[in-house]
Amino acid sequence: MINTPQFGFESFIIFLPSHSFQPMADQQKSKEDTNERHGDKSKEVIASPAHSTVALIDEEPEDVDPWDLPELKDTGVPWSALDTKGKVLRVVVSVGKLFLLLGFLYMFICSLDILSSAFQLVGGKAAGDIFQDNSVLSNPLAGLVIGVLVTLLVQSSSTSSSIVVSMVSSGLLTVQLAVPIIMGTNIGTSVTNTLVAMTQVGERSTFRRAFAGATVHDFFNWLSVLVLLPLEVASGYLYTVTKLIIDSFNIESGEAPDLLNVITDPLTDSIVQLDQSVISGIATGDQEARNKSLIKRWCLTFTNTTLKNVTVPGPENCTSASLCWVDGNITTTLKNISDTYNIKKCTHLFVNVHLPDLAVGLILLALSLLVLCSCLILIVKLLNSMLKGQVAGIIKKILNTDFPFPFGWVTGYIAILVGAGMTFIVQSSSVFTSAITPLVGIGVISIERAYPLSLGSNIGTTTTAILAAMASPGDTLGNALQIALVHFLFNISGIILWYPIPFTRIPIRLAKGLGNITASYRWFAAVYIITCFFILPLFVFSLSLAGWQVLVGVGAPLILMLIIIIVINVLQKRKPGCLPAALRSWDFLPLWAHSLAPWDKVVSACTAKCCCCCKCCQIAVDDQEKTGRESVENNKKPHVEVYDNPAMSADKEATLCVTKLLAWP
């Protein structure tokens, strides 16, 4: 008889033995195989329920690929078995669900718009101040980080791009310095759908797919920047190509179309309206803009410009020598003076609320997050109830099936065009990618299909920016359009790098690897978001403030160390014989340096101290009662042996309480 594997806390922890995170359960299985080879005979044994974080989550069969799309089975009565009344009732219910789905989707899009407004109220003026420091912007890496941080603050790549356009048009920023900032806005806008994926943390397989479907967009943006930013610094590739395009065509000013905004603006404008010129004014050095509120009070104004006599400090401040008069110590000149008259007041909810922008922003932030999460949960539940049986099969087949050979390669490019078209309609890549994230989670869209759709959304949002740039005045049209073309060419170049050849679709593999980790360690998803979108950009920005010498002195060794670790990991997996014996695994390092298991214990212990005692105790009592009932039933069966779990520590009740809460729906 062999020893029954002890599925304790450590048995399901994912750690990094050589080159990647893998479940320790595989090691336990290898130990069983070793015992069988030594001739040990076994009989059927039933082990007691495991006490571990992962054991409380539904286990997946080992022979099932976790990335396979699940079957959405129809548990209702078949259509053929219904009578006339039942068929009519089902049609009415289905139509009602469809209208509810459209309504929740409308509220979801509006909540994203309000969320963007809330972030601008909270951090919009700080974003303008960040853009104002030209000495920092001269560093390409600092410009990239500033683009990320500002887009995170305002939650809109369109807003941050418009600030850059304003600065270039006013002469405060050159197009060359604006290129890294545009790259940063591309990264910052991808955090929204990653946050949306966090709302599906309740179920492991769903969260695995949703988080991978969201982060595949992140990895594409980061990898594109890693290649194209050094190339741009070395050769000016994006600036040169876009400059040639602008000089080659006689582009006339046009007007950007309003598509989805026509539907959503009536609701969002009735809640709050913002004066976008305030942030741009702060960025361009307008001191009067600092004292203005971002909340728009007057929606209709009239500006009258007249030529008036104005007293100036000296003759050098006169508009011209012929229009300058000196009378003793008083110098007078003629200047155009603009007077603005307020005509019609706005009608949104906060027009008469005398609160600071920060307070209004926090109120809108809380309400918009509540509506966004509620709508997303309801959308997922409605989709789960609607996409069943033949309907689910048809939709999944349409979305995930490739064209027949030899045209299968065309399917991905069609998906890119679909993503670009849908993003052009909704005029926001964040809205589109956030909408497909729950579809990836419930298994309607595969991550292989979500990847080209996300790439298409990057293209779609740049076409909207190009049309918006064409609405600029004639004197600023060239610079505004060149920046929009830089954004467009950056995404096209990224697609050429990371999509045409299947081997180069590295973002998919990276997203799946991260999805596997976060499926077992859900707290790692929050660590990823905070590290990649906040800590890392702030760290680089801080080094940039200290000067490029400090940035190179600190950054170069860290980058070199990261490259060495990546190379060793690849060799450990591909050709371990090329490495010394000590480097063929990371076992020589402390466990916390190559495994998430110790960190999981720390997170569990910290969560145990913060959780509600009453709920913890009730969960522990319920689990003990369930364990007792199962033990009584198991005692009635033959060949039942129960083993104690040696991996459980003295505080197993606290850990058990925490793990129950983590799995709590």
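Cβ from N, Cα, C; glycine included.
Remember, predicted model here, so these are calculated numbers, not experimental data.
Per TrEMBL, the feature region 'Disordered' maps to 25-44. Summarising the annotation, TrEMBL assigns compositional bias 'Basic and acidic residues' to 28-44. Here TrEMBL flags 88-115, 136-157, 177-198, 219-239, 358-383, 403-425, 480-501, 521-540, 546-571 as transmembrane segment.
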Exercise. Any chance the transmembrane segment (358-383) and the transmembrane segment (88-115) are in contact, meaning at least three CB pairs closer than 8 A with a sequence separation of 6+?
Worked result: yes
Problem set entry | For the transmembrane segment (219-239), distant same-chain residues with Cβ under 8 A (at least six beyond the ends) | 140-141, 144, 175-176, 179-180, 183, 186-187, 190, 451, 454-455, 458, 486, 489-491, 493-494, 497-498, 506-507, 510-511, 532
Seminar exercise, completed: Other same-chain positions with a Cβ less than 8 Å from the transmembrane segment (521-540) and lying at least 6 residues past its termini are 14, 141-142, 145, 148-149, 152, 188, 191, 194-195, 197-198, 201, 207, 211, 215, 218, 222, 514, 551, 555, 596, 600, 603, 662
